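For reference, the structure discussed in these notes is given below.
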């Protein structure tokens, strides 16, 4: 699909009355009669791609207000090991209408298993939009199916220099070793961390990654990062975080340090780490580590962004499912907030944009975005990808005098 297909998406008329329950001091400052409407951006019931399932949301809000949403196009169902491309949806009217485009195709080697998936995106200081994804052509789990570097695996990058109108051909980041520095010799494979990356105050691009390593005759997987100082031409890999079974993650910058919020399989809470040396070393970040429950059962991806409020307070927002029902249900995608300039307030719940149960075949993922006072979320909803504008909830914080 090389041309945009203009399709009008009608906003859902149903307002989810229980969508966002305001916690404590936010309630008095929010017009709760104006609950955010949902927009189905990627819909398994339309014929844009004739796909049976959409997963893995990534969201960017550009400087001019243009929104770019990304998703796996899972043609034959929710499965990870299947035939998958990556699609983008672009809106210039605050989500009322969307244009669609396939931005990364798989290698077309195997009609059942060729896939590119788990996109992670960033917008650089030059306005370039970079997307990184994992690529495979055979069946098997990315982290456990082999004991050495997988022969069918690569990490691919595409980019756009015109606000997502056109996209480059795929750039292989792993075949050419000059493009990736410091990749460990015991690597099984790696892929991006899912969601979005950041641009630091000095212009350095940082992308979260998850990496599988062969250690002591066993495979382990960890969270980490890669970073670029030349607008994505070459990348340097950081080291793994201290704990295995961490994987999908996102990072923010605070006073030159990197703070990570990570999936943490089997531990029932999200993990968090801080690095003062661009990922060469990591240590536990106590204000967030093991503070957000992810229920019993599987861990899950979550989003993590930093916002500077009008009063100068630096706020962190994290979205993740509570998973109160355990397993892979991943119900109640909730947005949490922490004030990095007043950690005594702890972590507070802002809202639950998706209070329903997730689809255990694949659900619970989300991606937050913030630009020019607008807070947005893209999330998985039973095989679709939905969007909500959470700006009213953000304004409830801005208007709260206790924050100042």
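From the backbone N, Cα and C atoms, a Cβ is placed for every residue, glycine too.
What Swiss-Prot says about this protein:
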type	residues	note
SIGNAL	1-27	signal peptide
BINDING	55, 263	substrate binding site
ACT_SITE	80	active site, proton acceptor
REPEAT	89-100	repeat 'BNR 1'
REPEAT	158-169	repeat 'BNR 2'
REPEAT	226-237	repeat 'BNR 3'
REPEAT	273-284	repeat 'BNR 4'
ACT_SITE	365	active site, nucleophile
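Sequence features, as recorded in Swiss-Prot, placed on the structure.
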residue: 55; record: substrate binding site; Cβ neighbours (10 Å): 26
residue: 80; record: active site, proton acceptor; Cβ neighbours (10 Å): 16
residue: 263; record: substrate binding site; Cβ neighbours (10 Å): 23
residue: 365; record: active site, nucleophile; Cβ neighbours (10 Å): 29
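Panel annotation: around the repeat 'BNR 3' (226-237), residues 124, 126, 128, 130, 157, 159, 173, 178-184, 203-207, 209, 211, 278-279 of the same chain, lying at least six beyond its termini, place a Cβ under 8 Å from a Cβ of the stretch. In the repeat 'BNR 4' (273-284), helix, strand and coil residues by DSSP number 0 helix, 5 strand, 7 coil. Counted with DSSP, the repeat 'BNR 2' (158-169) comes out as 0 helix, 3 strand, 9 coil.
The DSSP breakdown of the repeat 'BNR 3' (226-237), given as helix, strand and coil counts, is 0 helix, 6 strand, 6 coil.
Each residue contributes its Cα atom, and for residue 365 (active site, nucleophile) and the residue listed as 'active site, proton acceptor' these two points are 14 Å apart. Rounded to the nearest whole angstrom, the C-alpha distance between residue 263 (substrate binding site) and residue 80 (active site, proton acceptor) is 17. The CA atom of the residue listed as 'active site, proton acceptor' is located 9 Å away from the CA atom of residue 55 (substrate binding site).
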